[in-house]
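TrEMBL has this to say about the protein:
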TRANSMEM  12-35  transmembrane segment
TRANSMEM  184-207  transmembrane segment
DOMAIN    211-263  domain 'HAMP'
COILED    259-303  coiled coil
DOMAIN    310-531  domain 'Histidine kinase'
DOMAIN    548-660  domain 'Response regulatory'
REGION    680-702  region 'Disordered'
DOMAIN    724-841  domain 'Response regulatory'
MOD_RES   Asp773  4-aspartylphosphate
DOMAIN    883-976  domain 'HPt'
MOD_RES   His922  phosphohistidine
Amino acid sequence: MKNWPLRNKILFIATFPAIITALVLSTHLFVNYYALVEKNLMEKAGALSRQLSTPLAYALERNDREQVRRIMDRLSQEPEIRAVSIHNKDRENIFHGGPSMYPVSNPEQRLQPESMVRYSESTLRIIQPLFSPLPAKNHIMDTQPDNDSNNLVAPQFIHMEIKTNAIAGWLELEVHLSQIRLNIIYDVILNWAVVLILLIATLFIALRISRHFQEPIQEAQSVLKQLRSGNYTVEARHIGGPEFHRLADDINQLTYSIKLKRQELNDNIEQAAAELEETMTTMETQSIELDLARKRAEEANRIKSEFLANMSHEIRTPMNGIVGFYNLLRRTPLTPHQSAHLNSIRNASESLLSIINDILDFSKIEAQKMEIKSIPFNPREVVDETISLLAPEVQRKQLEMVALVYDDVPATLISDPLRIKQVLTNLLGNAVKFTDKGDVVIRVMTELEANNELLICFKISDNGIGIAKEKQSTLFTPFTQADSSQNRLHGGTGLGLVICKRLVELMGGEIGLESDLDKGATFWFTIRTQVQGEVYDLEPEACFDSLNTILVESHPLNQNALSHQLSQFGLQVTSHNSVNGINVQQPGCQLAVLALNHQEATNRATLALTHKLAERVPVLVLLGSNDADLITRYMSAGVSHVETKPISQEELKTAIEAVLIHHQPAQQVSAAKQINPIPESGLITYKPGESGVSPHQESTQDNVQSYSRQGDFNLQGNMTSSPTILVVDDNDSNLLLASTLLSEFGLNVVQAKSGKKAIEEVLRKRPDLILMDIQMPDMDGMEATRRIRNLSPYYEDLGIIALTAHALPEEKENFMAAGLNDLLTKPIDEEKLAGLIKHWTGFSPSVMPPDAEPPLPENQQQLEDSMESVVDMEMGTRLAGGKASLAEEMLRMLLQDIPATREHLDKAFHGEDIEEMINAVHHLHGATRYCGVPRLALTTETLETQLKIRQMPAAQETLRTLYKELNKLESWQKEQEILQQSH
């Protein structure tokens, strides 16, 4: 109502009270009038019945029927009375006048000795008892008839006693109600007609009043609208009463004032325009130039945005497909020539993905979407992990990489270790890339300390090609490099250093370089970090009891770094530049660490001296090459352990522990007893004589039970009793094969078909290693791993290996983030499985030779024939580890699952549920990895890759191919059954 027009408000105010009043009054009058009419009718009928009750009673006592008839005729003449009935004292109807009476609502009610009223549908009945009027004995009755023969009066009793308890009968009168109701309806209609006429009159008057108000208001609105449009000649007319006349005068005065102000404003504008006319030309020129510059900037920004978007999305999607299909082809039987082509595809794909990742990071930084986290981390671990990534290239180029983390750097800092590692990887990668010989050195030191905040400096130095002074200013500009010729030689996008600069700035630091052409380069950057707590000691706990140690390292910086690390371990170090300077017969030597570059390692004299030294003391050799033949030669020379350089601090410590445990002379066993074992890299150590329980397994928390890995270990660090392996897989065939292989390794196997069951078995059996399938219903392998890790501190170091038939690169990162330690793809490689078991449990499985493993295809024709076969039993036997019976069982289980698999695929496809379809295809793919069904295996892996990277058109075509392959496999099964029956 608040937003109603004025007319509607006037009509509402005028008519609403009248309508409410009419409704209330008419309702009140109707109810009262109806009740009054009914009451009057009942009183009239009651009076008449009472008046005639005495004569009727008298006539009944005398049995005077004629008198009764006259009374009934008299009653029938009344207009309100419809029918009359007289009942005797036995309640029998003895007289009736008029039509039959309507049935009443309570006919079962008996006649009573007092007046009664009964209702029917359209009448009411009044029942009056008739009391006997006869006088008592010896009394005289005098009857005086009325002079008016039409009026009957009650007989007069003189000096007599009435028998008040004697009932002579009952008089029943039926009175019309329909006529009364018709009269009432008529009156109601008449009343409402009058009310309606009054309402119409009220509405008419209200409309006239609203028009009286509306016309002047509309006139004022029209004038104001024309004023708004610029018409200042209009005037408001005088319409309505004096109030509206005054309003019209005010509007006209306003119009005149606006007209004057408008004229004055126009004059001022013309004057100002005349004064500014000379400068407008200059301003217009500047505006055009600014507009052109803006358009150029917008166009450049648009081109850059399109470039980044296309590079980051349009290329990344097909690149994931290339990598996925490379993995598909790699797992099929290949000739050496095809393997070489695939390696070329892999190298090109990895290079292109690296470029795309740079562009993605650059676009995130430009869009200000790069987030810097603040989490605790160990700077030594960040440096070591970065060096480990670059180790293969360092070894290939036979470079020396040295990491020097100064003692003033705290053990725990708070910043973003991932971004620091990204900057280090880029700078170290460039140093290795542009250095053909020599060394690469990384230094980490504290520059400034204030208010619990540190400025940490990282310096990366190399003696490579260097950078000319005039080129250094462009290094941190996007898409530029120091030399286009080097760009052709080494490749790259020119974004790496730009990304490093932006990341360092986001972490509150700076980046720079010092270089001369052909004299190497030193890149440095700083970050602002906070220190967690009061931890400033980076030195690890001294865990070796002052063993006299010989260190051989020809590189001065590397010798300094290794000597410092060994001293931190508690060793007494004597350094030498070459093996020739060692006195092999020197007494008191308890350990030798030989760090050899490739030239030194391949020297026969060095190998001979190493052999003599290994006969007396435990020897750890650090080679600058990962040449397998070279490693084998030194292991054959009797050294205890061989590692490759560069080596991290924890890897060095673990290697020394392994060397001391491996060396069996009594004096070295005594030294080994002093080792505080560290559960790195899956190595599980012990103190001899303590039942295989190691100190690091004892919890320092209250009420936490300490556990030990099942199995005992010998002096070589190998588990001597069989460990327990938990295999988790929802596919029966996969579970059977994995369990069979592990059992043949001599291991204790526990099975679980779901993530929830795996958690129960972990608590019940406390396994030493878990092989965890990833895609399972209800709870997948990653969620099960997270829950196992949270059970107790004991399970934080438990080895959990992801077991999957297919995994994209980004999925592998998710596995590691969920707490899985390693990845094993199906079909299971027995040697890799044995290596993982050795790595995580210390147990050396004895790999049984296969029953009779069929040979691989010798040429391209055999390979093509194998791939064209629906079922290749020879391939199945190879996949089952050379076990023909197991291969047949796996194929049988696959054939049994085909109907359920087809139903699962149909349901997911018609429901457009991509995730469920991936699960179904993954389940089938896992089963095909161990059966000789090459075409079906390749089709399922192709389909799974296409679904995961959302190549839906190609996936639909591959799905049709999958159905065809399933049909072929079922047809092959029927043919085999027919052949068996015929034989």
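Heads up, the Cβ atoms here are built off N, Cα and C, so glycines get one too.
Heads up, TrEMBL stuff is auto-annotated, nobody curated it.
Following the DSSP three-state reduction, the secondary structure of the residue listed as '4-aspartylphosphate' is strand. The average pLDDT the prediction assigns to the domain 'Response regulatory' (724-841) is 84. Within the same chain, residues 7, 10-11, 13-15, 18-19, 22, 26, 29-30, 33-34, 37 sit at least 6 positions outside the transmembrane segment (184-207) and bring their C-beta atoms closer than 8 Å to a C-beta of that stretch. Long-range Cβ contacts of the coiled coil (259-303) within its own chain (Cβ-Cβ under 8 Å, at least 6 residues beyond either end) map to 232.
Packing around the residue listed as 'phosphohistidine' is summarised by its Cβ count: 24 other Cβ atoms lie within 10 angstroms of its Cβ, all protein chains included. For the domain 'HPt' (883-976), DSSP puts the residue distribution at 82 helix, 0 strand, 12 coil.
Helix, strand and coil counts from DSSP across the domain 'HAMP' (211-263) read 40 helix, 0 strand, 13 coil.
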